[in-house]
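Q: Copying in the features that Swiss-Prot gives for the protein in this structure:
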- GLU423, GLU430: Mg(2+) 1 binding site (BINDING)
- GLU430: Mg(2+) 2 binding site (BINDING)
Amino acid sequence: MADELGTTEREIIAQRLKKAEALRALGVNPFGNGWQPRHLAEELLRHHGDQPAEEIAKAPGDWSLAGRVLAVRSFGKAAFLRVRDRSAELQVWVKKDRVGDQAFEVFKLLDIGDIVGAEGPATRTKTGELTLEARTFTILTKATRPLPEKWHGLTDVEQRYRQRYVDLVVTPGVREAFVKRARIVSGIRRFLDARGYLEVETPTLHKPEEAGGAAARPFETHHNALDLDLKLRIATELHLKRLVVGGLDRVYEIGRIWRNEGIDRRHNPEFTSIEFYQAYATHEDLMRLTEELMHQLAVEVTGGPVVTFQGQAIDLTPPYPRVSMLEVGARALGLAPDDALAGRGLAEALSRAAARENDSEDAWKLEQAAKKTPGEAVALAFEIFGEPQLPKDRPAFVVDFPLETSPLSRRRDADPRLVDRFELFAAGMELANAFSELNDPADQRARFEAQMRAKAAGDEEAMPYDEDFVRALEHGMPPTAGEGIGIDRLAMLFTDSASIRDVILFPLLKSRD
C-alpha cells in the first residue's frame with residue numbers, strides 16, 4: 001500500500017486505476033461479483049463476546065464477511081484492517097503465511113475505501129480485540145476515488161448533503177440516524193396496523209382543484225399526453241377522507257409531500273408525512289393515541305421514554321400539558337380572548353406589538369395581520385410570542401384554534417368561534433396537526449368559498465375549491481378525526497439532529513455554479 005498523504009486527488013485516482021489493472025493482471029476482477037458473505041460482523045462479535053482466546057480457538061467453523069476497509073496497519077508480511085459491513089466494524093488479520101502468496105499480492109494492492117471479502121476463524125489478539133483471522137482474502141471492489149479527510153469526516157456541511165454516499169461512510173453517527181429513521185417509520189406502521197388501520201396510496205399528481213389539504217404553495221407540472229396542468233400534492237388529507245366516505249373507517253398513508261416554500265433547518269420542500277383517519281373518533285381520542293404512539297416510539301427507537309434534543313431532556317411519558325392558542329395569543333397582545341376574536345382593539349394591539357418587536361420580519365407580519373381576520377391575527381401572535389414559551393422538558397398540545405385558521409376542521413359545539421383541533425409541539429417544533437373533521441358539506445362549501453376570496457385577495461396559500469370533495473361529503477362522512485405527523489421532524493427529535501437536512505438522505509440544495 002502506497003502512502004497517499006500529500007498527493008493530489010487526480011494523482012491518487014491515477015494510482016488506484018493502475019492498481020485495478022494490476023489486479024486484473026493477477027486474475028482478480030476489481031469490480032467482480034460472486035462473493036457472498038455468510039455472516040455479519042455483529043454476529044461474530046455477539047457470538048464470541050467476552051470469551052477468552054483459548055475458548056475461541058476451540059470454536060469450530062469459519063466466518064465469512066465482506067465490507068469496506070476503513071483503516072490499515074501494515075507490518076510487512078501481516079496487516080490489521082478495520083472493516084465495516086452494514087452491522088458493525090471488525091478487525092481482520094491478513095497474514096501472508098495464512099492467505100498465501102497470491103492473495104497477499106492482492107492485499108498489497110489494497111487502498112482505504114476498497115470493499116473486501118475475508119473468510120477464516122475468529123481469534124482474540126494479544127491486545128484482546130476480537131478479530132477475524134483471514135485464510136481467504138480478496139478485493140471485491142476497488143475504490144478508484146479516495147475518501148475525504150483520511151477518515152476524519154467531511155468538514156464541509158453542504159458537501160455532506162451533496163455526497164451523502166460519502167457522508168454515510170466517513171461521518172460518525174450518520175448511518176445510525178437513518179437506521180433510526182427507518183425504525184420510526186416501521187414502528188408507526190406496526191402501531192397503526194395493530195389498531196386496525198389500513199395502509200393506502202393516493203395520487204401525488206393533483207388537478208388544480210384537488211391541490212388542497214394544507215395552507216401551502218404547490219409545485220406545478222404538465223402532463224403532455226393529456227395536455228393537463230397538474231400540481232404535486234401538498235397533503236393527502238382530502239383523498240384519504242374520500243376513502244372514509246367510501247367505508248374505509250381507518251386509513252393511513254405514509255408518503256412524500258411537496259410544498260413550494262422556503263428552506264430552513266425545519267423545512268425542506270420535499271418531505272415525508274404520515275396522515276391517518278379514524279371514523280367515530282374525535283380529536284380528543286387522537287390526543288390519547290398520539291401520546292401512546294410517541295411514548296412507544298421513544299422506547300422502541302431510543303430505549304426509553306426520555307430523549308435528549310440539543311442538550312434538553314424531553315420526557316415523552318403521557319399525559320402531555322395543553323396550551324390554549326386563543327388565551328396565550330390574545331394575552332400576548334394585551335387583549336382578553338373574547339375581545340381579540342371580536343376584533344375589539346385588535347388593530348391597535350397589533351401595532352403596539354409590532355413596535356416593540358425586535359425581529360423586523362415578525363414586526364412586519366404583525367403589522368400585516370391587521371388586514372387578516374381576528375382569528376388569524378391571534379394565531380400569528382401565538383406563533384411569535386407563545387411558541388417560544390411552550391414547555392421545554394416535555395411535549396405539549398396546542399388547542400383552542402380560531403375557526404379562520406382551520407378550513408377543514410369541525411366547529412366546536414360549545415364555541416363555534418373555535419375548532420376541535422390540536423397541534424403537538426416538542427423541542428420547539430410542530431410535530432403533528434390533528435382535528436375532528438368537518439363533515440357538514442354546506443359548511444365545507446362556505447369555507448372553500450372563503451378560501452377562494454382569500455386567494456383572490458392575494459393569498460397564494462389559500463386552498464382551491466374542491467367541488468368533488470364537497471360532493472363526497474354530501475354522500476355522508478361519518479364523524480371522523482384525522483392527524484398528520486411530519487416524519488422528518490420526528491426523526492430530528494429521536495436522533496438529536498439540529499437540521500432537517502440531517503435526517504433526509506438527499507435534501508434539496510442549490511445547484512453549484
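Yeah, the Cβs are placed from backbone N, Cα and C, and that goes for glycine too.
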Q: Applying a 10 Å Cβ distance cut-off over all chains shown, what neighbour count does GLU423 (Mg(2+) 1 binding site) have?
A: 20
Q: Including all protein chains displayed, how many Cβ atoms other than that of GLU430 (Mg(2+) 1 binding site) lie within 10 Å of its Cβ?
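A: The answer is 16.
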Q: So, three-state DSSP: helix, strand or coil for GLU430 (Mg(2+) 1 binding site)?
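A: Assignment for GLU430 (Mg(2+) 1 binding site) reads strand.
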